[in-house]
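What Swiss-Prot says about this one:
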BINDING   Arg191, Gly192, Gly193, Lys194, Thr311, Asn335, Ser523, Arg584  CoA binding site
BINDING   Gly387, Glu388, Pro389, Asp411, Thr412, Trp413, Trp414, Gln415, Thr416, Asp500, Arg515, Arg526  ATP binding site
BINDING   Val537, His539, Val542  Mg(2+) binding site
MOD_RES   Lys609  N6-acetyllysine
Amino acid sequence: MSAASLYPVRPEVAATTLTDEATYKAMYQQSVVNPDGFWREQAQRLDWIKPFSVVKQTSFDDHRVDIKWFADGTLNVAYNCLDRHLAERGDTIAIIWEGDNPSEHREITYRELHAEVCKFANALRGQDVHRGDVVTIYMPMIPEAVVAMLACARIGAIHSVVFGGFSPEALAGRIIDCSSKVVITADEGLRGGKKTALKANVDRALTNPETSSVQKVIVCKRTGGEIEWNRHRDIWYHSLLEVASSTCAPKEMGAEESLFILYTSGSTGKPKGVLHTTAGYLLYAALTHERVFDYKPGEIYWCTADVGWVTGHSYIVYGPLANGATTLLFEGVPNYPDITRVSKIIDKHKVNILYTAPTAIRAMMAEGTKSVEGADGSSLRLLGSVGEPINPEAWGWYYNTVGKQNCPIVDTWWQTETGGILISPLPGATALKPGSATRPFFGVIPALVDNLGNLIEGAAEGNLVILDSWPGQSRSLYGDHDRFVDTYFKTFRGMYFTGDGARRDEDGYYWITGRVDDVLNVSGHRMGTAEIESAMVAHPKVAEAAVVGVPHDLKGQGIYVYVTLNGGEEPSDALRTELRNWVRKEIGPIASPDFIQWAPGLPKTRSGKIMRRILRKIATAEYDALGDISTLADPGVVQHLIDTHKTMNAA
């Protein structure tokens, strides 16, 4: 281990930590040798209505994949996040809300949040929402989004939060897949000083005849902007609350009853409805939040994610609130009104823990030290990174410039499907290496396998798999268990395949090398190449499209699209712009292509399979590293693409 790249645990951190090195080793050992005993003990941190007797019933056998934790116990998630804190922490701030406009902020106590959640839970019941019904939440980053999630959990409804940046078409697809009964939205969203037409997007989504399961649309007033109104379907959020009782008994839920669906991009195009259940998910979110962030009562914790992504679910809402923490909810973006926004929020609210994405870090880093000019930052004691691997340069900048060399960085690796953090340093236990996610969390058994599924020992690189279940693991894909099995358990039998590659160094530290399937990681958000390709070929002028990821200074991965036009169509800059706007409309701004290269043909095998490996190499100008092209039906296509790429780069 080279001393230059190693950041040992700081003595002052080790002295006050919840988990030092000896504790980590002892707890990790117990968690993998005796998972039943370990998780039985950890589950006592939750309040149960009916205690469980059986801890773990799990099988990764691809003929009968079945994952159950604490299956005969009952509890309620909202009770665990709210009610049980009222006696001792009722007047503690649960949510600090920071608006897009720096002049707007609110503080909401646990008692106030509990009252509003109960009112809205009663309002949902009044709209015929009951246990097992699906509610779609398409909201800006405002407290009402959290209220809606917890209100669903309180009455046993299943929430499906859809990121407010998704287009009406993408929203409709997600509503149709889960037969959503109610949609909760806002008149408009505010982000970076711009308004987003959320209610108008819902209206457009619901013109799709297949969305007929939706009975009501509940609208929260955010901007007061003018919107269309369907008096038979639309209801104001605030008018419902005005007449609702603040008393609502939490529904007794089985440990394995569904809590939420969250759609994530798949390599086959159609988004996957990742299904999480009640007890195991909540326990895992709470325990990882406490131990990874070394959270202590009274601290101000800020995760910059959106609740439309799993990071927002686990580490803005459920993990922090289950722990009685103060969680900061930010409506805006890191560079509005200017690049100092993050630093100003840290100082304004005396933030102790900052959990953000490499995309935001790179955006601040691009401005040098401007982002911290005039900032104090002395409240910070811990930094976190999530969404994609952080390159060592960005890690160093984050550590030196934002953390002033005083704050450990927890570089966390996990997925929508994992429910919570799987590989991460613990600040009081783990010596840090910039760019490494380091070591597994309790109960997590990672391994590397070659392409045939053979385990690789020692320092090596391979496909990252997990050998046994953990409580936060997704149980299925909504309405499609076969796809769940095919996606995660068929590639390497008896193991959970993450879809990521990794290397393990001589100290047993893991370094995530990125996706090995056709899924891109754009600004920490997963985008399926097939989803973007499908949107592109839906354009009347496009015959064929192939999407690959390329390195991007700000986003981590950029979207590079090769486009073959229909006969008679001519390439032009105007058409490039038209295609970019088309994809934005079909999927959302997040999927907007960074590069479009015209291609008279694509490199295909004789069976018709597009050789994306070759397209990736051309997109990154690695012309001499194309590998074997003898299997191509028309090898001449490759040289044409290389020539075009060189011309584009020279332009």
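The backbone N, Cα and C atoms fix where each Cβ goes, glycine too.
The sparsest Cβ neighbourhood within 10 Å, among the listed binding-site residues (Gly192, Gly193, Gly387, Pro389), is found at Gly193.
Excluding Val537, His539, Val542, which define the Mg(2+) site, the same chain contributes Ala535, Met536, Ala538, Pro540, Lys541, Ala543, Glu544, Ala545, Val563, Leu579, Trp582 within 8 Å (Cβ to the Cβ centroid), listed in sequence order. Set side by side, the binding-site residues Asn335, Thr412 differ in how many other CB atoms lie within 10 angstroms of their CB, and the most is found at Thr412. Here Val542 (Mg(2+) binding site) is compared against the binding-site residues Gly192, Thr311, Gly387, Trp414, Arg584, and the shortest C-alpha distance is to Arg584. When the alpha carbons of Arg191 (CoA binding site) and Gly387 (ATP binding site) are compared, the span between them is 20 angstrom. Straight-line distance linking the Cα atoms of Trp414 (ATP binding site) and Thr311 (CoA binding site), rounded to a whole number, equals 9 Å. Secondary structure from DSSP puts Arg515 (ATP binding site) in a beta strand. Around His539 (Mg(2+) binding site), the same-chain residues at least 6 positions away in sequence with a Cβ under 8 Å from its Cβ are Glu578, Leu579, Trp582. Secondary structure at Arg191 (CoA binding site), taken from DSSP and collapsed to helix, strand or coil, is strand. It is Thr311 that, of the binding-site residues Thr311, Ser523, has its Cβ surrounded by the most other Cβ atoms within 10 Å.
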